[in-house]
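**Student:** OK, TrEMBL features for this one:
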type: DOMAIN; residues: 17-136; note: domain 'MTTase N-terminal'
type: BINDING; residues: C26, C65, C99; note: [4Fe-4S] cluster 1 binding site
type: DOMAIN; residues: 159-389; note: domain 'Radical SAM core'
type: BINDING; residues: C173, C177, C180; note: [4Fe-4S] cluster 2 binding site
type: DOMAIN; residues: 392-462; note: domain 'TRAM'
type: REGION; residues: 485-507; note: region 'Disordered'
Amino acid sequence: MSLATETPSTVPDSDVRTYEVRTFGCQMNVHDSERLSGLLEDAGLARVEPGLPEGAADVVVFNTCAVRENADNKLYGNLGRLAPIKERRPGMQIAVGGCLAQKDRDTILKKAPWVDVVFGTHNVGSLPALLERARHNQEAQLEILEALEVFPSTLPTRRDSVHSGWVSISVGCNNTCTFCIVPSLRGKERDRRPGEILAEVEALVADGAIEVTLLGQNVNSYGVEFGDRFAFGKLLRACGSIEGLERVRFTSPHPAAFTDDVIDAMAETPNVMPVLHMPLQSGSDRVLKDMRRSYRSKKFLGILDKVRERIPHAAITTDIIVGFPGETEEDFQATLDVVEQARFSSAFTFQYSKRPGTPAAELPDQLPKAVVQERYERLTALQDRISAEENARQLGREVEVLVTAQSGRKADETHRLSGRSADQRLVHFSVPEGAEQPRPGDLVTVTVTAAAPFHLIADPADASAYRLRRSRAGDAWDRAQAESCAVPAPGGGKGVSLGMPALPPRD
Ligand code: SF4
């Protein structure tokens, strides 16, 4: 999913304190950062202008991750660079939140005593009050809660994208995968009521969004808290009847809890996109058992067959961990076999590394780094080949692309714009001479003319091979641009071209 910053930044006047939020980790964190930004803007701060030197913001917030390798080194490196800057600017404040803060707590203040606020995953909403208290008392504030007080989605949010929004349906996880720190940091699963979720989706759509992604650590167990095990499929169907909502996505499901009613809901709800992110983690049943993942490879592949039977063009992506403690060459071969059979369109592949506080960190038979690296390279080579083959199968296919608004050096060279197809593939396309330029949030229909492992290219021969559908999201982009530039809003009318940067191709 694109994490582009697409809303034009607020230009602060010199009396307004500015902030910057730096995000590490998963989509949950990206969405939490939108909330942190919303809270700070509600408190009267303005986002710092992009491109200014490090430390230009009055408040720097780190939203940290404890899942990825070296998360703590990365954080302390960043904090170390800010220490001398803060010394020169005493009014500056630094806050650290997210999973690593929840885990490390007062260690952060011991290692980096120039930090002003440490807050956890359960009290995101306290950030403005903690910053104010730290400023007033001239003393660092540490506040970590053990359980959620307010469901985070009720907090103000500053969304990063006009056309797409994240909506949390649950937080926390009731599973106990042995490599994962999430259950101990995010707590037990808490489900939001369907009515609240749908009201948020409707509000987003009214604001101009045409795409939403429903977020949860394990979306298939949604409803467990209020006793409806079919709640997730029903939620997808309910999203299908929201007028103006064109694309519904979700992440992440869990193979153990993935039921046929969800496949039916996906197949029968036209705005639920033909894409599924289904974490495999390992193709070896023995390793899955050690990971405490309760499905087995046969069941996993069976789910993919069912999905493809009902949704033939579904693009299926996955997560895989290489080198889990005790993984033998035979176990690894089982993973390669499943990958070969599963034909994922792409995969997030990770080298296992110990996470203190997780059961797997205590397991014997931790593998030498060189073994893990060598297996990882074999796995990525295989998946890259499959991704290239699967993308090559898209040649000649007509795709509708939701245009995004990122820019890059390569895009400047190629003059291509970029976006995502319905099945979430990254598409770089050119606008034929004389044809109307799309705005971010508009939809263009083009035919795929070239393919690489990580993206598709569509270069229409002429204007007849290019169709533009101007959308409400494009109109909302125009309005947001106009507000930020203080020029009259075009009201979504045609003929106002604000120019558009594009995504750099990944290759
Ligand atoms: S399902 Fe497993 S990997 Fe996913 S959040 Fe829960 S414990 Fe972690």
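Placed from the backbone N, Cα and C atoms, the Cβ positions cover glycine too.
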**Student:** Spatially speaking, which of the binding-site residues C173, C177, C180 is closest to C99 ([4Fe-4S] cluster 1 binding site)? Use C-alpha to C-alpha, please.
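**Tutor:** For C99 ([4Fe-4S] cluster 1 binding site), the spatially nearest of the binding-site residues is C180.
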**Student:** Cβ under 6 Å from ligand 1: which of the binding-site residues C99, C173, C177, C180 qualify?
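**Tutor:** Cβ < 6 Å from ligand 1, in sequence order: C173, C177, C180.
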**Student:** Whole-number Å only: compute the distance from the Cα of C173 ([4Fe-4S] cluster 2 binding site) to the Cα of C26 ([4Fe-4S] cluster 1 binding site).
**Tutor:** 15
**Student:** When the number of other CB atoms within 10 A of each residue's CB is tallied over all shown chains, which of the binding-site residues C26, C65, C99, C177, C180 has the maximum?
**Tutor:** C99
**Student:** List the other residues in this chain whose Cβ sits within 8 Å of the Cβ centroid of the [4Fe-4S] cluster 2 site residues C173, C177, C180, in sequence order.
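**Tutor:** Near the [4Fe-4S] cluster 2 site, beyond C173, C177, C180, sit N175, T176, F179, I181, V182, P183, Q217.
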**Student:** Between C177 ([4Fe-4S] cluster 2 binding site) and C26 ([4Fe-4S] cluster 1 binding site), how far is it from one CA atom to the other, in Å?
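**Tutor:** The separation of the Cα atoms works out to 17 Å.
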**Student:** Could you state the CA-to-CA distance between C65 ([4Fe-4S] cluster 1 binding site) and C180 ([4Fe-4S] cluster 2 binding site) to the nearest Å?
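**Tutor:** With distance taken Cα to Cα, C180 ([4Fe-4S] cluster 2 binding site) is 12 Å from C65 ([4Fe-4S] cluster 1 binding site).
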**Student:** Including all protein chains displayed, how many Cβ atoms other than that of C173 ([4Fe-4S] cluster 2 binding site) lie within 10 Å of its Cβ?
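**Tutor:** 21, counting other Cβ atoms within 10 Å of C173 ([4Fe-4S] cluster 2 binding site).
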**Student:** Looking only at the domain 'Radical SAM core' (159-389), what is the model's average confidence as pLDDT?
**Tutor:** 93
**Student:** C-alpha of C26 ([4Fe-4S] cluster 1 binding site) to C-alpha of C180 ([4Fe-4S] cluster 2 binding site): distance in Å?
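**Tutor:** Each residue's Cα considered, C26 ([4Fe-4S] cluster 1 binding site) and C180 ([4Fe-4S] cluster 2 binding site) end up 13 Å apart.
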